[in-house]
Amino acid sequence: MSDSTKPAENGNGPAAKKSLSVNDYVPTGMALEEFHKLSRNQQKKVMQTEQWALHADEYKEKQREKARESRKRKRARQADARPQEKVEQTESTVRIVLDMDFDDKMNDKEVKSMCSQVMRCYAVNRQAKRRVNLHITKLHGRGSERFATALKDHKMWSKEHITFDDREYIDRFQKDELVYLTADSDNVVEELDQNTVYVVGGIVDKNRYPKLTLDKAQQQGIRHARLPIGEYVKMSTRKVMTVNQIFEMLVKFVETEDWKTAFMETIPQRKFTEEDKTS
């Protein structure tokens, strides 16, 4: 069977993503009455084969885009490992907190991923033309253990580019200074204020905890807001970003004072609509 007609296996591929039912399916390559004479397993195979042929190009392009993004991340990691030329850097007054108080809501793989994202945030801040004041708060549990063992080199990291604290951000900063950045907020960030401390939730949750960070901000009685992504770019998927992507957007905005530039240079191309890819 050729690649263009190979049905999806193990729940992967375009056919699986369509969530079609054989009860409602109308085949394109055979008569409907002949289709109904087949066993249920045979009907599923016909449906999967036809759906694969219909959506294979789209699926393969998404896979190629993911591979390109993976290669890009690998090159970035390799570049981080090499000696870096000293960047002419100035300090901004913008303060950003990564809130690591979600250790109990992640599995081991997610904790490992979250710690890697903290490393990327440090690398971004280290190479930024205008660095921000980056604070990691409530580092505890498995996250703290990972930094103490597998990532113990963090003790050598420059304090100019990152600081670690096992306290909660609300115990470090004035309550009226804090704004929790959450995609669920109805408020929108227009500028980055030097008198404000912006908090980003340090969690990899695969959408298991809807409105988790919004609820936390409301329970603590602190302000909350979202980045103006939808106001500047059109995306083909939900506006859910990794922590390091959000941090890089903020740093890019500090450098350029242009939200669209910050989003276009940070968000993976596969997440944009065709209109924004070409604009």
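Glycine is treated like the rest: Cβ placed from N, Cα and C.
Summarising the annotation, TrEMBL assigns compositional bias 'Basic and acidic residues' to 55-68 (among others).
Residues or ranges marked as compositional bias 'Basic and acidic residues' in TrEMBL: 77-89 (among others).
Taking the domain 'SAM-dependent MTase TRM10-type' (82-274) as a whole, pLDDT averages 90 in the prediction. Look at TrEMBL and you will find 82-274 tagged as domain 'SAM-dependent MTase TRM10-type'.
The feature region 'Disordered' is assigned by TrEMBL to 1-22 (among others).
Summarising the annotation, TrEMBL assigns region 'Disordered' to 54-90 (among others).
Each residue in the compositional bias 'Basic and acidic residues' (55-68) gets a DSSP state, and the totals come to 14 helix, 0 strand, 0 coil.
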